Amino acid sequence: MACRLFWASRVASHLRISVAQRGFSSVVLKDLKYADSHEWVKIDGNKATFGITDHAQDHLGDVVYVELPDVGHSVSQGKSFGAVESVKATSDINSPVSGKVVEVNEELTESPGLVNSSPYEQGWIIKVELSDAGEAEKLMDSDKYSKFCEEEDAKH
């Protein structure tokens, strides 16, 4: 657990954000927005970077493949644009916001495990140019996402 907290503080420092305190074991970073399908998004002007949350990667297990869209592909909020395959399951990746893909994390082709080891830093999946910045307001902040995960975990 101490190692995870050190990792979280290092990532938060790199992203210039703070770590939310919560009652479950996944790392949730403040200043990011979260979808109920367990994707995170960091908005920077009219650009957004996103990936899957620490909570999602923890439940998936070791990621062995990430299906990435092509640059120029349009993504829509709540719609699938790719998939993450792990030793346990294959899961769709849904877009937390709408936009046009401007960059994909090519490192995931050779090192899909970055999604596990560094979901908020090296394991980001795509960057988009936003088509509707207001969509981010529909997403959860870190406190709501933490509570959502706690409630979801309590059901299982």
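Every residue gets a Cβ built from N, Cα and C, even glycine.
Taken straight from Swiss-Prot:
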- 1-23: transit peptide (TRANSIT)
- 47-129: domain 'Lipoyl-binding' (DOMAIN)
- LYS88: N6-lipoyllysine (MOD_RES)
- SER131: phosphoserine (MOD_RES)
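SER131 (phosphoserine) sits 34 Å from LYS88 (N6-lipoyllysine), taking the C-alpha atoms as the reference points. DSSP assignment over the domain 'Lipoyl-binding' (47-129) gives 15 helix, 37 strand, 31 coil. Long-range Cβ contacts of LYS88 (N6-lipoyllysine) within its own chain (separation 6+, distance under 8 Å): LEU60, GLY61. Confidence across the domain 'Lipoyl-binding' (47-129), taken as the mean pLDDT and rounded to a whole number, stands at 97.
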